[in-house]
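Novice: Have a look at the structure that comes next, please.
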């Protein structure tokens, strides 16, 4: 079925075409982008403030106008027409160009920031210098590659968030959720940390929780916190409280969505700029197996790494500080063993498969910790120092996985590759969601027609239909609660709910609509 | 171990196969000439609209069948020798069975219209129909759809996504008014029109006019008006796909006649899904029900029977669903187009014209009989229970919130609905 003939306008419009106004909007946005490219070549703009405003402004105006044209004046409702016909959203040429471009951008920003104009000595040049005026306003200093990145990242969430809101403006859950990620990105991830820097306090994104924020307990961060008085101590305490108290509590009440699709910055970008690629996730059973192994391995990696860096930060002598290397190490070993034991004692029926993965993961962690003590005794693990391990983690997971693969490959593998396969925070939240939460996606009796919209548009690659068509609720650790499966369902089958934990997992296959008497059912069961 | 052969890999046949496998070790062969693997027929439209690709329509990955020892055979059955228990195919050797389940589904109706076999004239039921539609609409700027049912409105939506002008001819005075009460039908009619469809009520097809190549170029309606078009969609209902069995010993009326155990007149031969016709009426249901859910229920039932637990086909309270462009529709219980004796309808509509409900109840004892709901999702299990327990209309309206299944933060209308009922219906 060739698509080329559609463009010959023999028929009505090709489903993938865009209007003239949208073409103008794209042009405006591209012009803004070209200013950034020109800045790269060290063109000396007469006024950086003006041209930076122009660049960001034109990209924003272009996107907003494009979105208005795409959705306003049309019926409210699901807008997936032609998704699989368009080059940009169906792994066509545009998708590959975008993917490769994003990937290169990430490689440069992580490892070759000098190409963007970051100079070890002296003033910024290139595109980074273009952002100096904004940086001056916010944090009082010159821009860095991370400031450029943070600005563009925030801009993307805001303007594509606007687009997303228009697209789903019939769905108040999506509107409120998107306002939330826009708010947390702009306020918590962008403005507040920059202002903290201006006030000479440690840079801190209050919503970026360990282990996503894998540097939180690194030695240099701990030194920063301890040298910043009460605020620094507060930040450190908040970091610990966030992962050990706030996170379990909120996940129990609302599922991991409270973080992954309402607060988190990675999730924020995936849900807004990444939304056009959500259907590209792999739904196969094989992908699910890979996912469980990879994400839990990353969790083990970050746990071992963090224990190692804290271990090397601490002292030997209890007279200096009560928390010594030994107390910390055995404390962690005890904590993890206890956690593992509690899960195995109380939740083992629920986890035939997942339990094995959890068991192996924790066993590895515990052995590694004990290994540190026995094999090195000098803060080394696997013959590496804790700090070296952290650098490797930062390179492999923090940069290569979450940035290059996670975002760079949006147009090829979908928008949640990092969240699904890599994020250790998602792994922890996922375990809590699977085992200790009121959240589930309820299936509405026998109404499912197995159409597959839910599975197709699940960014986490969950085969939602496999559950829905059996009348089962969906209780999966990876579900980020974006709500799109429920939105695209044409028959009103799916609903995100926080309800009592009992009866949450109705794994018994129900007869969907047949009236059976109980004796029949019993007879059936005995076969 | 018996060899159970199922003709048809739609929802009925596949549900039967899966449940037989779950409950037994029988050899299972599923035959289809249409497609290699089971797919969701109700979702064909989404492939055409670009929401999904063909592979997304398949509820099970391709390895599923071998793993569960369900053999798939791609072939068209030409003849069945019931005496020798043997199937003959349009090509290839015969196949013997011990038990046979016929689940051949539906084909679209043609009523002998002049020009109904022209090129560019088609319905939309099978995978082949979808491929044909792709080819036909390469050259289509304007299309006419005949018949105001569920497939008709789907086809209209599909064609509109390619900016093809659609004229939609329906016999009734409002969309699907042979099923929907008039206010519901009119609400949907208005919505269809708002999507740029030239919807014509009370209009019937006279004939379809060919060009010199045997391709449709226009069509004429009963009033004599002709409408130029390059595609005619035949969506005036479906009928059981049983023509290949017409001259056999199998008793057939509209569909294959079955008793309440889905047994045909021939031993070891059963029929399920759209192609089956009940000899005895079940409740107020029609003898032939071309509905996804009933096909699935029959598949489950026959699987129980064939694996040693003889089970009567006993569908519970009626339910169904559909989507008309942007308006979702669900129904539980019976809401007839015109109320029967001792029945009354209570209708509420939101000012947007995109949400509404119609509740049927008994005027004598106020028992709740059924609900149509548009643009508001309702819980299946709650309404199923209320119907089974013969709840009163007052109870249903007082507790309507419990049945709501809309996503979080959506507007609720229960109070408004309740007030409207009090003002318009009470003591009427």
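Think of each number as a place in line: the chain as shown, counted from 1.
Using the three backbone atoms N, Cα and C, a Cβ is placed for every residue, glycine included.
Below are the features listed in TrEMBL for this protein:
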TRANSMEM  A:24-45  transmembrane segment
TRANSMEM  A:51-72  transmembrane segment
TRANSMEM  A:93-112  transmembrane segment
TRANSMEM  A:146-166  transmembrane segment
TRANSMEM  A:178-197  transmembrane segment
TRANSMEM  A:231-252  transmembrane segment
TRANSMEM  A:293-315  transmembrane segment
TRANSMEM  A:327-345  transmembrane segment
TRANSMEM  A:357-376  transmembrane segment
TRANSMEM  A:392-413  transmembrane segment
DOMAIN    A:439-467  domain '4Fe-4S ferredoxin-type'
DOMAIN    A:470-499  domain '4Fe-4S ferredoxin-type'
Novice: Looking only at residues six or more beyond either end of the domain '4Fe-4S ferredoxin-type' (A:439-467), which have a C-beta under 8 A from one in the stretch?
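Specialist: Same-chain contacts beyond the ends: 80, 251, 254-257, 270, 274, 278-279, 281-283, 285, 287-288, 291, 414-416, 419-420, 433, 473-476, 478-482, 484-486, 488-499, 504-505, 510, 512-513.
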Novice: With helix taken as DSSP H, G or I, strand as E or B and everything else coil, how many residues of the domain '4Fe-4S ferredoxin-type' (A:470-499) land in each class?
Specialist: 5 helix, 6 strand, 19 coil
Novice: Just to be sure I understand, if DSSP states are collapsed into helix, strand and coil, how many residues of the domain '4Fe-4S ferredoxin-type' (A:439-467) fall in each?
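Specialist: Across the domain '4Fe-4S ferredoxin-type' (A:439-467), the residues distribute as 8 helix, 5 strand, 16 coil.
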Novice: Determine which residues of the chain contact the domain '4Fe-4S ferredoxin-type' (A:470-499) at the Cβ level, with the cut-off under 8 Å and only residues 6 or more beyond its ends counted.
Specialist: 78, 80, 168, 171, 173-174, 177, 253-257, 260-261, 267, 271, 278, 291, 354, 416, 419-420, 426-427, 430-431, 433-434, 438-449, 451, 453-462, 464, 505-507, 509-510, 512
Novice: If we skip the immediate neighbours and take only residues 6+ beyond the ends of the transmembrane segment (A:392-413), which ones have a Cβ under 8 Å from one of its Cβ atoms?
Specialist: 88-89, 91, 94-96, 98-100, 102-107, 109-111, 214-215, 266, 269-270, 273-274, 277, 280-282, 298, 301-302, 305, 384, 419, 421-424
